[in-house]
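J.: Structure incoming, see below.
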There are 2 protein chains.
Amino acid sequence: MAECPETGARAGELVTPHGIIETPVFMPVGTAATVKAMSPKEMAEIETQILLSNTYHLYLRPGAELVEEAGGLHRFMNWNGPILTDSGGFQVFSLAGINKILEDGVEFVSHLDGSRHFMTPELATQTQEKLGSDIAMCFDQCVKLPCTREEAGKSVDRTLRWAARCQSIHRREDQALFGIVQGALYDDLRVKCAEKLIDMDFPGYSIGGLSVGESHQEMYRILDLLNPVMPKGKPRYLMGVGYPTNLVEGVARGVDMFDCVLPTRNGRNGTLLTSRGKFNIKHSRFTHDWGPIDPDCDCYACREFSRAYVRHLYRSGEMLSARLCSWHNLRFLISLMKRARQSILDGVFPAFRAEFHRLFGESNPL
Amino acid sequence: MAECPETGARAGELVTPHGIIETPVFMPVGTAATVKAMSPKEMAEIETQILLSNTYHLYLRPGAELVEEAGGLHRFMNWNGPILTDSGGFQVFSLAGINKILEDGVEFVSHLDGSRHFMTPELATQTQEKLGSDIAMCFDQCVKLPCTREEAGKSVDRTLRWAARCQSIHRREDQALFGIVQGALYDDLRVKCAEKLIDMDFPGYSIGGLSVGESHQEMYRILDLLNPVMPKGKPRYLMGVGYPTNLVEGVARGVDMFDCVLPTRNGRNGTLLTSRGKFNIKHSRFTHDWGPIDPDCDCYACREFSRAYVRHLYRSGEMLSARLCSWHNLRFLISLMKRARQSILDGVFPAFRAEFHRLFGESNPL
């Protein structure tokens with residue numbers, strides 16, 4: 001592993017049964033066993049190293065048993081590279097209808113059909129084993145911001161007890177189970193949660209409960225806080241973060257892995273992330289713009305189509321608009337992390353970071 | 001050109017500035033300068049020989065001037081193969097809001113924004129010249145079925161007068177202008193229209209006003225009627241027909257070219273056309289079906305994904321479902337015409353036709 005001498009940036013390798021992942025890495029999200037608007041072949045073409053899929057969604061539809069029957073998620077969706085699954089912890093709180101937290105688990109109502117379910121650490125772990133992901137997550141309790149110190153403290157304690165139950169029932173040796181650090185914006189709770197999880201010796205650590213409404217200064221403070229606490233030799237995954245500025249700043253604070261629906265969701269809305277900042281393709285200033293989406297990008301959308309054409313597609317509600325914009329946004333984030341890694345290896349990460357900010361600008365939706 | 005000695009089936013070649021088209025051929029429809037759910041690269045991969053695009057739609061959005069500014073439709077949409085444009089005749093009657101037919105042209109209201117327009121034979125021709133298609137259509141008057149003999153007769157006479165005006169104003173030597181045979185289901189009017197257009201010596205002839213509600217027996221009767229009337233040495237294009245059974249029967253009656261939105265529209269609805277008939281992927285009998293969409297197909301969707309997975313995608317409202325189903329349906333029709341051609345060249349078209357019907361079945365939506 002290479003480290004930046006001036007920041008916390010690291011360039012490492014993560015070995016999985018489906019391949020070695022070079023970090024830092026951005027993981028595209030395939031919620032329902034497909035990255036929206038993309039095909040697996042295209043995901044490989046843009047050099048996706050690892051995909052994320054959602055246990056909550058797959059548990060509800062089509063069901064983990066069907067995925068298991070297919071031979072696991074890799075075969076079901078025809079993706080032969082590494083896959084990470086979340087635990088469903090975030091979704092049972094954010095997406096499900098009514099939910100009720102008990103010590104044993106969470107009662108929730110499906111957002112799809114109103115059916116009632118009870119998710120426990122054991123069920124979340126076993127569901128991920130059926131899915132057969134390379135990296136699984138412990139079932140955690142997420143809290144909404146703002147939250148009181150007492151609420152945050154309780155959620156940390158429960159997350160730790162649940163992590164122990166997940167670890168205890170987890171069987172698959174071809175699947176790594178990561179612990180998740182919670183603690184909202186309370187520094188001492190974050191450090192306590194991290195230290196307890198480290199004592200339990202997980203093969204990797206996730207940072208959850210960020211990018212949920214806090215300022216980016218608050219996010220960066222938590223990352224700065226955890227950076228020296230986390231063990232050097234294990235991967236660190238900042239969950240649900242995908243804005244380019246946050247990725248680069250996360251890398252500077254020792255984060256190795258990121259995921260977010262942002263590039264595909266933005267892509268469907270016509271919002272493009274480029275080396276020169278973000279913009280929406282529907283704007284009339286692109287009517288006669290025959291240049292590429294991003295002159296610095298090597299993706300299919302940028303190589304073969306003009307902004308004027310993509311704008312026409314977007315205004316016409318054509319699927320190819322969502323495809324090309326998602327394609328570019330994903331490639332942009334994957335390429336961004338690839339270039340960050342190279343700059344770390346070359347010992348020039350601070351210059352890379354400064355140049356990125358200069359070109360991309362400081363616009364930040366958080 | 002090869003001909004089947006027992007039927008009217010023909011295998012020919014059509015030379016255009018963007019390549020030679022081997023007929024019979026199915027032309028996928030790219031209404032708004034994109035074949036819905038597909039990319040140009042994928043259209044080439046499934047061996048698309050020629051695309052169709054709609055003058056009415058492009059005239060309204062983004063406007064022919066913008067396409068012309070891009071360097072024409074080929075460059076605008078990044079498709080380097082041949083393109084055929086219709087004249088907008090069908091759409092001003094079927095899609096536009098209020099329309100009023102005058103001798104000079106048609107007043108209509110845009111289905112997009114309610115704006116008022118006046119389309120004439122001259123404007124339709126000049127618009128197609130700006131789009132720069134390889135093959136353009138005369139602006140014709142379509143009638144709805146059922147229609148009286150008097151209505152049909154008037155529409156034929158007007159279509160002929162408009163055809164003369166289109167021919168007279170048409171300038172581009174790199175664009176072929178086809179005449180369109182109208183006449184509803186009146187045999188003598190159809191023959192009269194065809195003969196008058198033939199006298200005008202167009203480089204190709206389209207058969208319009210079919211597949212608009214008549215039975216397939218009626219459609220076949222008109223084709224049987226026109227087959228001996230049409231000149232042997234020129235292409236014949238049956239407009240708006242894409243159901244597999246109709247394609248094979250059209251070929252048997254001397255048709256060289258077909259187009260239809262059916263494969264992509266059906267694909268978005270989860271309806272699949274296969275060598276063994278059609279079915280909808282949402283059906284519960286495919287829940288555990290790990291086989292391909294069509295065991296006889298060589299397309300990406302059939303090579304790489306299972307029916308069970310595509311069903312999951314469809315039920316989840318995922319774009320990849322529309323993509324894979326459109327992809328397969330298009331490849332199926334393109335491949336069907338390719339195989340029909342080969343059977344004509346091999347002198348075994350009647351056996352091909354019988355075997356197609358035996359496997360596909362007689363289901364017909366007309």
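Including glycine, each Cβ sits where the backbone N, Cα and C put it.
Note that TrEMBL annotation is computational and uncurated.
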J.: Name the one residue among B:HIS283, B:HIS312, B:HIS328, B:HIS357 that TrEMBL lists for the same Zn(2+) site as B:CYS297, B:CYS299, B:CYS302.
T.: B:HIS328
J.: TrEMBL lists region 'RNA binding' for one of the ranges B:121-127, B:240-246, B:275-281; which is that range?
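T.: Of B:121-127, B:240-246, B:275-281, TrEMBL gives region 'RNA binding' for B:240-246.
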J.: Since TrEMBL lists B:ASP86, B:SER87, B:GLY88, B:GLY89, B:PHE90, B:ASP140, B:GLN182 for substrate, which candidate among B:GLY114, B:GLY209, B:GLY213 does it give for that site as well?
T.: B:GLY209
J.: Looking at B:214-218, B:264-268, which stretch does TrEMBL describe as region 'RNA binding'?
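T.: Of B:214-218, B:264-268, TrEMBL gives region 'RNA binding' for B:264-268.
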J.: Far apart in sequence but close in space: which same-chain residues, 6 or more away, have a Cβ under 8 Å from B:ASP86 (active site, proton acceptor)?
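T.: Residues satisfying the criterion: B:LEU52, B:ASN54, B:THR55, B:TYR56, B:MET137, B:MET239.
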J.: Could you tell me which of these binding-site residues, B:GLY88, B:GLY89, B:GLY209, has the greatest number of Cβ atoms within 10 Å of its own Cβ?
T.: B:GLY209
J.: Which of the three DSSP states, helix, strand or coil, fits B:ASP259 (active site, nucleophile)?
T.: strand
J.: In whole Å, how far does the CA atom of B:ASP259 (active site, nucleophile) lie from that of B:GLY209 (substrate binding site)?
T.: 13
J.: When DSSP states are grouped into helix, strand and coil, how many residues of the region 'RNA binding' (B:240-246) land in each?
T.: 3 helix, 0 strand, 4 coil
J.: If you draw a 10 Å sphere on the Cβ of B:HIS328 (Zn(2+) binding site), how many other Cβ atoms land inside?
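T.: Result for B:HIS328 (Zn(2+) binding site): 27 other Cβ atoms within 10 Å.
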